[in-house]
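Engineer: Structure incoming, see below.
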């Protein structure tokens with residue numbers, strides 16, 4: 001039975017880790033890819049996964065003031081792991097290209113951000129079977 005590395009948080013199928021170091025979106029995606037096989041910026045496939053990530057975020061970031069890259073870009077609305085968007089949690093007014101999660105009323109919401117901005121980020125990789 002595969003165990004996530006000690007500093008990573010485990011769900012049934014995936015390992016997750018937030019990084020406070022600030023990077024542009026593409027720098028963060030490249031960094032996540034180096035962390036593990038099939039590593040990417042986080043994709044969020046369901047409300048349950050979003051709730052799990054909120055717990056990971058609260059433990060690792062200042063829950064009032066975080067801003068962290070996800071693997072979603074506006075260009076094709078696909079996650080960096082190739083998955084189509086099956087669940088959305090968007091906050092509308094911002095029109096840019098890449099997406100961050102940041103707090104809104106105690107939960108993480110998705111906001112558009114300039115891909116060149118430097119932000120913290122969340123990595124994810126699937127547990128090998």
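Glycine residues also receive a Cβ, built from the backbone N, Cα and C atoms like all the rest.
Straight out of Swiss-Prot:
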type: DOMAIN; residues: 3-125; note: domain 'C-type lectin'
type: DISULFID; residues: 4-15; note: disulfide bond
type: DISULFID; residues: 32-123; note: disulfide bond
type: DISULFID; residues: 98-115; note: disulfide bond
Engineer: Going by DSSP, is residue 32 (disulfide bond) part of a helix, a strand, or coil?
Structural biologist: helix
Engineer: Count the other Cβ atoms sitting within 10 Å of the Cβ of residue 123 (disulfide bond), across every protein chain shown.
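Structural biologist: 24, counting other Cβ atoms within 10 Å of residue 123 (disulfide bond).
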Engineer: What disulfide-bonded residues among 32, 98, 115 are found with a C-alpha within 10 angstroms of that of residue 15 (disulfide bond)?
Structural biologist: none
Engineer: Tell me which of the disulfide-bonded residues 98, 115 sits in the most Cβ-dense spot, judged by other Cβ atoms within 10 Å.
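Structural biologist: Ranked by Cβ atoms within 10 Å, first place goes to 98.
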Engineer: Would you identify which of the disulfide-bonded residues 4, 15, 32 has the most other C-beta atoms lying within 10 angstroms of its C-beta?
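Structural biologist: Buried the deepest by this measure is 32.
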Engineer: Rank aside, I only need the closest one: which of the disulfide-bonded residues 4, 98, 115 has its C-alpha nearest to that of residue 123 (disulfide bond)?
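Structural biologist: Result for residue 123 (disulfide bond): the nearest of the disulfide-bonded residues is 4.
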Engineer: Any idea what DSSP makes of residue 15 (disulfide bond), helix, strand or coil?
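Structural biologist: In three-state terms, residue 15 (disulfide bond) counts as strand.
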Engineer: For the domain 'C-type lectin' (3-125), provide the mean pLDDT of the predicted model.
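Structural biologist: Computed over the domain 'C-type lectin' (3-125), the mean pLDDT is 87 on the 0 to 100 scale.
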Engineer: Over the span of the domain 'C-type lectin' (3-125), count residues by DSSP class, listing helix, strand and coil in order.
Structural biologist: 25 helix, 44 strand, 54 coil
